[in-house]
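Below: one structure, written as C-alpha cells.
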Amino acid sequence: MNNEKMKALQAAITQIEKQFGKGSVMKLGEEHVLNVEAISTGSLSLDIALGIGGIPRGRIIEIFGPESSGKTTVALHIIAEAQKSGGTAAFIDAEHALDPVYAKALGVDIDNLIVSQPDTGEQALEICEALVRSGAIDVIVVDSVAALVPKAEIEGEMGDSHVGLQARLMSQALRKLTGSINKSKCATIFINQLREKVGIMFGNPETTPGGRALKFYSSVRLDVRKIETIKQGDEFLGSRTRVKVVKNKVAPPFKQAEFDIMYGTGISFEGNVLDVGVDNEIIQKSGSWFSYNDTRLGQGRENVKQFLRENPSILLEVENKIREKHNLKTRNTADSKVTGAKDEKSKEEK
C-alpha cells in the first residue's frame, strides 16, 4: 500500500476510534484479537476437545442434550472454575430448579454466586443483558432456553396458540446481546433441551427449542449425552457422559470427550485424568492394572481413582504432562483441583 493510501487509512481509523472508541476497528493480526481467553470446564478431556483449554470468553455457548444428561453439571463446573480463578459468576434459573447443596458440592462458591429466578423470558434476558453490560461478570449461565416463556404466553389462556413467540424473543435478545458479550469478555452459556420434530422419516428428528438464532450466534455448541451407568455391585455410583463439540468457531469442531459424572460430587477429575493419561500413553494399562513410570497405581479403575485422590502430587504430574502434550497451560499446586477439593473437605471437618 502506498504512503497516501496508508495516511488516508490511518486518518479514517483515527476518526472511527474518536467516534466509537478505541478497539472499534483493528487489524486481524493484532495479538489481542488472536488470543482467545478460555475458562476451564472442569474436565480435562473436554478442555482438550475444545482446543483452547475451555470455553471461550466473550462468546455465546450452547449446551444441549436429553434430560439428566449432565448439562447443568457441566455449566456449574465452569462457574466453579471461573470463581477459582477470581472471577464472578451469575446463574439465571428460569427452570427454578437450581440445587445449592449440589452446586456447593461441585465447588461453586454459592455465597458469591449471583442468582436470579425470573418470571418471564423477557425479564430473564433483560437481567442477562444488564449483567453483561456491567462488565463485571465473567460467566453467565441461563438454565434453560426452553423455560424462557414469553410474557404473552404466561398471561394468555392455557390453550392459546403462540407460534414463533419464543424464537422471536431469542432472535431479538441475541442481536442485542452479542456485541456486549464480546466487549465485556463474559462467557454466556445457554442450556437447552431437546425436542423431536414431528413426521421426520429420514435424518435426525432431534431439534432444540428457541428457534435458529441461538445456533447461529453460538461460537461453541456442546451436545451432552449419558452413555452408561457406573455401578459397583448393586450400587449406582454415577453415569458415563459423552460430550461432542458439534460447533466450534475458535478451534476445529467435532471432537469428543468422555468423563464420569458421579452422583452428588459431579465430574470425577481423577477418573478423567486417568482416562486421558491412558489414551496418551502417559499411564500404562496392563489388563486391569495401571502404572505410571515405576509406580503401581492399583488394580481396577475405581481403586486407581482413589489412589490418585490420595496422592495429589502424582495426579498433578500426570495432568501437567497431558497439558504439555496438548499445548495447554500447566497448573501449579496452588491452583490444582485436588488441592481445592481437599481444602474444602478440611474446612467442612473444622
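Glycine residues also receive a Cβ, built from the backbone N, Cα and C atoms like all the rest.
So that you can see what the record holds, here are the features copied from Swiss-Prot:
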- GLY65, PRO66, GLU67, SER68, SER69, GLY70, LYS71, THR72: ATP binding site (BINDING)
- 326-350: region 'Disordered' (REGION)
- 340-350: compositional bias 'Basic and acidic residues' (COMPBIAS)
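Counting every protein chain shown, the number of other Cβ atoms lying within 10 Å of the Cβ of THR72 (ATP binding site) is 24. The Cβ centroid of GLY65, PRO66, GLU67, SER68, SER69, GLY70, LYS71, THR72 marks the ATP site; residues of that chain outside this set whose Cβ lies within 8 Å of it are VAL224, LYS226, given in sequence order.
Sequence-distant neighbours of SER69 (ATP binding site) (same chain, 6+ residues apart, CB-CB distance under 8 A): VAL224, ARG225, LYS226, THR241.
There are 26 other Cβ atoms within 10 Å of the Cβ belonging to LYS71 (ATP binding site). Just so you know, the Cβ of SER68 (ATP binding site) picks up 11 other Cβ atoms within 10 Å once every protein chain is counted. Note: GLY70 (ATP binding site) has non-local neighbours VAL224, LYS226, SER239, THR241, ILE261, i.e. same-chain residues 6+ apart with C-beta under 8 A of its own C-beta. Contacts of PRO66 (ATP binding site) defined by a Cβ separation under 8 A and a same-chain sequence distance of 6+ are given as LEU194, ARG225, LYS226, in order along the sequence. Considering other CB atoms within 10 Å as the measure, the emptiest surroundings among the binding-site residues GLY65, GLU67 are those of GLU67.
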